[in-house]
Amino acid sequence: MPAWAGALAGLVAGAVALGVAQLAAGVVGPQTFPVVAVGDATVDLTPAPVKDFAIRTFGENDKAVLVGGVFVVLAGVAALLGVLARRRLAYGVAGMAAFGVVGVLAVLTRPDTGLTGVLPTVTGVAAGAWALSWLVRRAARVDEASAVRSPVRVSAGERDADPVEWPAVMRGGGEPVVFDRRRLLTGVAGGVVVAGAATVLGRQLGGRQAVDAARLGVTLPKPATPARPVPAGADLRIGGLSPFITPNRDFYRVDTALVVPQVDPRDWTLRIHGMVDRPVELTFDDLLRMPLTEADVTLTCVSNEVGGDLVGNARWLGVRMADVLRRAGLRSDADMLLSTSSDGFTCGTPADVVMDGRDALFAVAMNGEPLPLDHGFPVRQVVPGLYGYVSATKWVVDIKVTRFDQDQAYWTPRGWAAEGPIKTQSRIDVPRSGASLRAGDTTIAGVAWAQHVGVDAVEVRVDGGQWRQARLAEVPGPDTWRQWSIDWAATPGSHTIEVRATDASGRTQTEQPAPPAPDGATGWHSVTVQVA
């Protein structure tokens with residue numbers, strides 16, 4: 001068998017292994033798919049600076065890049081194992097088993113899987129090893145027609161004996177074999193069909209379709225406390241300026257889930273325990289029967305660079321977290337709410353912030369519709385004034401009331417601050433850096449945010465000159481970002497535009513640049529434009 005044929009057999013065997021593993025994961029749980037488990041383990045073991053680089057470089061595509069990288073590595077290894085198997089089949093099978101061990105170890109490190117979580121990896125490796133053996137043997141068929149017959153001298157009593165065949169290639173048992181391309185390619189086609197069918201069926205069993213249907217079946221109650229009306233002047237409607245309300249499809253997504261958890265609202269429960277007088281457990285229907293609050297809140301990721309787009313504003317509908325926590329009765333010495341997602345991610349939120357009267361919600365809807373799956377369906381946390389890594393748990397299923405000196409959330413041992421109040425920031429949306437403008441009157445515009453304090457002023461300067469006050473759009477409250485704009489008489493040449501904001505407490509954002517880690521970036525956003 002030529003090397004290309006061995007590589008092809010290895011690739012198809014690898015595809016069969018992943019397809020069968022996907023099928024088994026559809027039954028056991030999507031998070032047990034070995035590619036996902038290895039990716040999740042990689043995320044956990046990756047140093048924080050590398051994660052920050054990935055988010056800065058790839059944005060919301062960082063997970064796709066990681067998963068794609070895992071697939072590329074697996075494809076390369078599978079091809080290599082196929083090449084080895086053409087020389088000795090045991091080498092290829094042993095290599096598959098070794099990668100199976102890596103997959104099993106990765107699965108066992110996940111907090112949301114038990115011993116049954118290894119079944120997809122084990123069954124996938126077994127199927128892949130069998131497929132590799134079958135393809136290699138299928139391509140090396142016994143040849144009875146092409147061997148050369150050579151006459152030999154025989155005795156008279158042996159004249160009727162069959163002539164001896166002298167094949168060019170011999171098996172260990174002495175059987176003549178040749179490489180059969182047609183048999184290999186038909187076997188490859190069969191393997192591709194099996195891998196594809198198993199993958200499709202596995203994804204269907206994984207529950208996305210069922211959860212999508214359940215989401216569409218959710219009827220949202222009317223809020224007992226509607227959101228304040230959005231002022232007519234909240235959206236300046238300037239081309240290129242971020243809209244006041246971020247559409248769901250454009251809302252940023254940053255989390256540790258390589259595969260979006262599929263949580264059926266009929267099976268969802270929220271458990272509140274720990275330092276409480278009365279442990280509480282609520283179903284999704286229980287939550288919907290409670291008084292709902294509607295609020296416009298801007299969320300911000302701590303990984304957001306100065307001028308970055310990991311920030312968005314939405315109208316949320318949910319139950320006040322404080323109302324639910326009062327049912328449980330928080331003890332006076334508790335200061336931390338350790339929330340856990342259905343995929344095992346943990347988040348530590350200051351209890352006093354949630355209980356101080358702000359619109360901290362167990363949200364069930366976003367911009368008038370049930371939460372999108374990517375944004376936490378069926379229930380997520382929304383807490384104004386805190387970065388998402390300490391407040392915005394998606395797919396939340398558990399809250400342990402505890403203390404910061406007793407427990408740590410996911411990001412704290414990875415170098416991030418235990419508490420993350422949002423820092424005042426401003427951004428220039430128009431014009432973009434590097435833009436070419438015509439001389440004359442033009443508009444500079446952007447957004448600024450300082451949840452839960454509010455933005456009181458925005459200033460702009462060009463080429464280090466005098467700061468000028470920008471016009472501020474109206475806002476319904478202190479928990480949303482605020483649009484701003486200013487007119488500028490652009491003159492020919494290269495110009496640098498800077499912006500800074502002042503919050504309602506009178507604090508102006510610092511010029512001193514700082515990276516996102518450990519508690520949020522600082523500095524003034526600037527853009528450079530060319531005017532002709």
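From the backbone N, Cα and C atoms, a Cβ is placed for every residue, glycine too.
Whatever TrEMBL says is automated annotation, not expert-curated.
The following features are taken from TrEMBL:
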- 1-25: signal peptide (SIGNAL)
- 64-84: transmembrane segment (TRANSMEM)
- 89-108: transmembrane segment (TRANSMEM)
- 114-136: transmembrane segment (TRANSMEM)
- 259-408: domain 'Oxidoreductase molybdopterin-binding' (DOMAIN)
- 503-524: region 'Disordered' (REGION)
*When the pLDDT values for the domain 'Oxidoreductase molybdopterin-binding' (259-408) are averaged, what is the result?*
97
_Checking distant contacts: for the region 'Disordered' (503-524), what same-chain residues at least six beyond its ends satisfy Cβ-Cβ under 8 A?_
48-49, 52, 302-306, 308, 387, 415-417, 419-420, 422-426, 450, 453-456, 478
*Short question: which residues 6 or more past the ends of the transmembrane segment (64-84) have a Cβ under 8 Å from it?*
3, 6-11, 13-15, 17-18, 35-36, 38-39, 42-43, 54, 58, 91-92, 95-96, 99, 128, 132, 136, 258
*Could you give the number of helix, strand and coil residues in the region 'Disordered' (503-524) as assigned by DSSP?*
0 helix, 4 strand, 18 coil
*DSSP helix, strand and coil counts for the domain 'Oxidoreductase molybdopterin-binding' (259-408)?*
24 helix, 60 strand, 66 coil
